[in-house]
Structure formats: C-alpha cells, structure tokens
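A.B. asks: This is the structure I have questions about; it appears just below.
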Amino acid sequence: MSILESVHGPRDLDRLTERELDQLAAEVRAFLVANVAKTGGHLGPNLGVVETTIAIHRVFDSPRDAIVFDTGHQSYVHKLLTGRQDFSRLRQKGGLAGYPQRSESEHDIVESSHASSSLSWADGISRAFEMTGQDDRHVVAVVGDGALTGGMTWEALNNISDDNNRRLIIVVNDNGRSYAPTIGGMARFLNTVRTRRSYRSLYLTSRKAFEKLGGPGQSLYRGIRGGLHGFLSRFSDNEALYSNLDIKYIGPVHGHDIGAMEEALRQAKNYGAPVIVHAITQKGRGYEPALRDIADQFHAVGQIDPETGDPIGSPAKPNWTGVFAEEIVALAEENPKLVGITAAMLRPTGLHRFAERFPDRVYDVGIAEQHAVTSAAGLAFGGLHPVVAIYATFMNRAFDQVLMDVALHKAGVTFVLDRAGVTGPDGPSHHGIWDLAILQVVPGIRLAAPRDATRFREELAEAVAVADAPTVLRFPKGSVPADIEAVRRRDDGVDVLHESDQKDVLLVTVGPMAGLGLRVAEALAAQGIGATVVDPRWVVPVPRSVLDLAAGHRIVVTMEDGIRVGGIGTRVRQDLREAGIDTAVDELGLPDEFIDHATRDEILDDAGLTPQKIARDLVAQVLGSRVPIARPLPVEEFTEPSPERKKRRA
C-alpha cells in the first residue's frame with residue numbers, strides 16, 4: 001500500500017516521518033498527473049500546492065479549523081488528504097467536483113471558485129468564532145498572488161487589520177501567476193520579494209553550507225530551517241507591504257519545503273492574531289511538460305498523454321474563442337480606435353492574439369472586473385472603442401459598473417462574454433446562465449447571441465460600430481457548429497431559419513439554441529404541426545418583427561440556454577403584452593437553481609431541453625391535451641382535435 005492510500009483523513013498525516021512526507025508529496029504529484037490526464041482539470045495549480053497543503057493539514061485541525069481556498073481550483077490535494085481519492089469521474093456527473101463542494105465533505109467550508117473572495121470569508125468566519133466564544137478555532141485562507149490583484153482582497157485586509165484578536169492565518173501562494181504571469185504593481189512587488197538577492201542568496205548560501213557537512217549538517221538544517229526563513233525574511237525587510245496594515249508577516253517561505261512551511265504555520269498559529277505567511281511556490285512543480293508550458297503551465301488541461309503532456313483524441317475543432325481571437329484582430333486592423341481589455345485572462349478569452357499584434361492597444365487589469373468595466377467607460381469617453389473580453393460568469397461581478405458607468409453615460413463599450421450558458425464540468429460557479437437575465441434590464445443595452453461563426457463576425461462588426469450604448473455578444477464554451485443559413489432575413493435583421501404554411505408554433509431561438517429549434521420543428525412536422533423558427537440575432541431589444549410573427553401564430557416558444565426567470569422569454573412575453581398581442585408564450589430555459597457539474601448535453605437533457613421532450617410537450621399543447629401558457633385554446637379545440645388536425649396527424 002502506498003502512503004497516499006493509507007491517508008483517509010488529515011490526522012493520518014500526523015504519524016508520518018519527514019521522509020514519508022516527502023514520499024507522500026511525490027505520490028500525490030504522480031496521482032494527479034495520472035488521473036487528471038484522463039479526465040482533464042486544473043493540473044498546474046495543484047502540482048504547485050502539494051507541500052503547502054500537506055503542511056496546512058498537519059498544523060491545523062480541519063474541519064474544526066476552517067480552511068478556505070481562494071479560487072478553489074487548487075483544492076485537489078486538499079480533497080486527497082481528506083479522504084476523497086476516487087478521481088475517476090473528476091468534474092463528471094456524479095463524480096468529484098473540480099472545486100470545494102460542501103455536499104462532498106465537511107472539510108469543504110466554502111464552495112469557492114471566483115477569485116479574491118477568500119479573505120472576506122475568512123474575515124466573517126473568524127469574527128463569528130470570536131463573537132461566539134470559539135477562540136480556539138483558527139481560520140486559514142489560502143490565496144494566490146493573482147487574487148491579490150482583486151479589490152475584495154484589499155477591502156478584506158482593511159477590516160482584518162482593524163481587529164488583532166482573531167486567529168486568522170493568510171497563506172499567500174505566490175507562484176507569480178494566475179492563469180498566466182500575474183500583472184500589475186502588486187505582482188512587481190511580490191516578484192521583488194521572490195527574487196531579492198538579500199533573501200535568496202543568503203538562503204541558498206546558508207543551505208549549501210549545511211549540506212556540505214553531510215548527513216549531520218542536513219539534519220541540523222532541517223531542524224532550524226523555519227528559524228532561518230524567519231531570520232532572513234526580517235533581514236531582507238520584506239514586511240514593508242503589510243506593515244501599515246498592522247498584520248504580522250512571516251516569509252517568504254519555501255512553499256515546497258514541508259518542514260519550513262510547518263514551522264512558519266506553527267509560528268502563525270501561536271501568534272493569536274492575523275498573520276500572513278508568504279509561500280513561494282512553482283506552478284506545475286515536478287511535471288516537466290507543465291514547466292515547459294510558458295503560456296500557463298498547464299493551468300487547465302483536457303485529456304492528455306501523461307508522459308508527454310500532449311493532448312489526446314481527435315484534433316480540436318474550431319472553437320468560439322478562436323473565432324473571436326481572429327475576428328477582433330481583423331477588425332482592429334481596420335479600426336485603430338479598437339482596444340482590448342481583460343481581467344487576468346488574456347489567453348483564455350482569446351485576446352492574446354490581439355496583444356501579439358497590437359501590444360499597445362490591450363490592457364490586462366488583473367482579477368478586477370469592476371475596474372475593467374469602468375476603465376472601459378473612460379476609454380470610450382476618450383474617443384476609443386473598448387472591447388471587454390470576459391467569461392460570462394465573471395460579468396456578474398461588475399453589474400453596477402455596466403449599469404452606472406457605461407449605460408448611464410451612453411458609453412460605446414462592447415462586452416464579449418465567453419463561456420455563456422451551460423459550461424459543463426466546472427460546475428455551478430462557472431455556468432454563464434445569469435447574464436441574459438441580469439443584463440437585459442440595463443437601459444439602452446443591445447445584446448446579441450450568434451448562432452454560428454458567420455453570424456458572430458457580423459454581430460461583432462455591428463457591435464463595435466455602436467458608439468453611444470453598451471453592446472454585448474455572448475457565446476458558449478466549445479466548438480462552433482456548422483453555419484445555419486437563413487431562409488430569409490427580415491428588414492430588422494431577424495433571420496427566419498425555417499417556415500411552414502401552417503402557423504402553429506413560432507420558435508424563437510437564442511444563439512446556439514438555433515440547431516435545437518430546427519430539430520424541434522422537424523419533430524413537430526412529423527406530427528402534422530407547422531412551425532416557424534427564427535433567430536433574432538440581436539435579442540435585446542426584442543426586434544419588432546418577432547412580435548409581428550408572434551401575432552400570426554398560436555403559440556410562441558422561446559428557447560435559451562440561460563435561466564428562464566427574467567430571461568429573454570420573459571422579455572418577449574412582456575413586449576407582446578404591451579403590444580396588445582395575446583399569443584400564448586412558453587418560455588424554455590434553465591431552472592433558477594445552481595446546476596452541478598456535468599456535460600452540456602446532460603444538463604440540457606435534465607432541463608428538458610431536447611428535441612423529443614420539447615416536441616412532445618408542444619404536441620400536447622397544440623393538439624389539445626395540455627392548455628398552453630397565457631392563452632387557453634377554445635374548449636372545443638383542447639377537448640377534441642378538429643377534423644383537419646385529425647387528418648394531418650393521420
């Protein structure tokens with residue numbers, strides 16, 4: 001039995017010798033590479049926190065002591081050490097989540113995955129412990145250096161520093177990267193600490209001196225290394241950043257030296273007040289393919305060959321992010337006023353190609369979505385047209401800025417929302433299912449959802465031409481479907497994708513739901529029911545021709561991959577009522593609940609968004625066995641199908 005297999009909980013670590021702990025770290029890395037290679041997941045971040053996580057669980061008593069991970073994608077090691085070693089279905093339906101999840105374990109305190117929130121959680125939890133007389137309980141917040149670029153971190157530190165009676169330890173996992181190399185003034189400061197000659201050279205010189213003494217020297221070094229780190233950190237004056245906050249600072253500490261980390265954490269634990277432990281780590285540690293990956297050191301991978309790190313399976317199809325990456329560069333070639341903004345996600349959003357071509361016209365603001373949006377408003381005021389590329393789920397963080405800084409000021413800013421709708425394996429915090437409901441209430445906003453690459457190019461060009469209002473383009477994660485050509489385009493830009501002589505059902509599809517709408521129409525036709533399928537292209541505001549078409553049909557069905565409540569269907573229903581059109585409306589979308597990790601197809605199936613389920617329900621409505629929403633059919637129609645309908649069904 002391996003050492004890892006003998007670890008069923010954190011207290012099993014207590015009996016391990018130093019040599020066994022080092023062996024455990026090696027086994028954990030081998031386990032992660034072998035298993036994440038099969039399922040995909042966040043590999044690089046977890047390889048970088050193995051020793052640090054082991055040390056945390058040896059020094060603190062989870063779950064009595066609360067351990068909170070910022071951007072919890074680096075919690076795989078934590079899962080392994082708390083009895084969850086079945087990674088065979090990691091990030092798959094019914095398997096382990098890719099982030100902390102309370103339903104999995106009492107050791108998962110916060111279901112974190114959005115950056116920069118852990119210190120606020122830690123502030124609140126530690127205050128609660130203090131106020132309820134649980135003074136012997138500690139809170140440990142593990143935060144990456146990338147998250148230090150987020151404003152919430154500093155808001156929390158401001159409050160934490162105001163109360164020095166709490167047992168709160170902040171472990172800064174400093175690997176110089178978030179997705180890619182961390183940027184900004186904070187990153188430069190930490191890099192100075194990480195590489196400062198006064199610390200690094202003295203530490204290495206001292207270590208080598210002990211190692212020259214052979215076995216006895218190495219034993220002596222292991223015994224005093226924690227003190228050595230503390231002495232050298234004070235000598236090299238690395239506390240400057242936190243001195244005015246009145247928070248104790250320990251470090252920098254070698255984050256891959258379990259003994260040194262334990263010593264630093266025990267010092268922090270015994271201090272009895274908020275302490276920052278600054279751990280220097282290496283993303284992708286111990287896995288050569290990750291270390292060779294300069295772009296993001298295997299931050300997140302699909303299925304790979306564990307020996308080489310090369311992707312396996314069929315060649316990747318063109319994806320939405322790639323289409324955006326190409327098209328924004330093409331538009332920028334023609335329009336020198338186009339600039340790009342991203343929040344620490346240059347490559348994941350596709351703006352890296354823009355940066356390569358126009359390095360002076362792209363801005364990475366760090367993990368600071370609110371700042372990104374208001375900065376974009378300022379750029380627009382100065383005569384530029386900013387394109388803010390961001391994941392849909394992270395757009396939620398900057399709603400006030402979109403509303404008050406962009407829309408109120410009629411600023412021409414384009415938001416490109418990647419990973420909109422169901423994203424699949426990353427779970428509830430990463431599904432981009434709220435953007436339609438949230439953003440459609442913003443006055444003056446225009447919102448597009450392209451169904452394919454050709455429509456994306458059209459709509460992006462249209463969006464960046466708008467100079468007096470915010471525009472939004474949203475698209476899902478994954479490969480781009482084949483182009484779906486319109487039968488005809490109406491004067492206001494609405495594409496008719498399919499039409500029938502019988503005007504029974506109008507299917508209004510949002511973006512990538514167009515293909516589903518066409519399959520539903522085909523299934524309805526087999527039952528003698530006529531359907532028209534339209535893609536509004538720009539779904540907010542609702543184009544007038546959608547209302548006109550609705551007036552000529554018996555039922556309108558809206559289909560979107562966002563939440564039903566407050567979504568585009570709600571907007572269509574409201575506009576129809578205001579226009580005096582009483583056509584029944586059936587709004588199809590996702591439930592207003594947090595959806596667990598699974599594939600996109602599995603989630604859509606669970607929500608009833610399949611051709612068979614939708615068609616079956618519509619047949620019941622049209623042929624009379626179920627009353628459609630909003631406008632009941634005449635009694636004679638839903639109690640007994642007309643002879644004409646009986647004939648068509650036959």
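Cβ coordinates are placed from backbone N, Cα and C, and glycine is handled just like the others.
What Swiss-Prot lists as thiamine diphosphate binding site is His73, Ser113, His114, Ala115, Gly146, Ala147, Asn175, Tyr287, Glu369. Residues annotated as Mg(2+) binding site in Swiss-Prot: Asp145, Asn175.
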A.B. asks: CB neighbours of His114 (thiamine diphosphate binding site) within 10 A?
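C.D. replies: The answer is 22 other Cβ atoms.
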A.B. asks: Around Glu369 (thiamine diphosphate binding site), which residues of its chain at least 6 apart sit with Cβ under 8 Å of its Cβ?
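C.D. replies: Once residues fewer than 6 apart are set aside, Glu369 (thiamine diphosphate binding site) is near Ala343, Ile390, Phe394, Met395, Arg397, Ala398.
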A.B. asks: Taking only the residues the record lists as binding thiamine diphosphate, namely His73, Ser113, His114, Ala115, Gly146, Ala147, Asn175, Tyr287, Glu369, what is the largest Cα to Cα distance between any two of them, in Å to the nearest whole number?
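C.D. replies: Comparing all Cα pairs, the maximum is 32 Å.
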A.B. asks: Could you check which of these binding-site residues, His73, His114, Asn175, sit within 10 Å of Asp145 (Mg(2+) binding site), going Cα to Cα?
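C.D. replies: Those close enough are Asn175.
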A.B. asks: Let me know how many other Cβ atoms fall within 10 Å of the Cβ of Gly146 (thiamine diphosphate binding site).
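C.D. replies: Looking across every protein chain shown, the total is 29.
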A.B. asks: According to DSSP, does His114 (thiamine diphosphate binding site) fall in a helix, a strand, or coil?
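C.D. replies: Once the DSSP labels are grouped into three classes, His114 (thiamine diphosphate binding site) ends up as coil.
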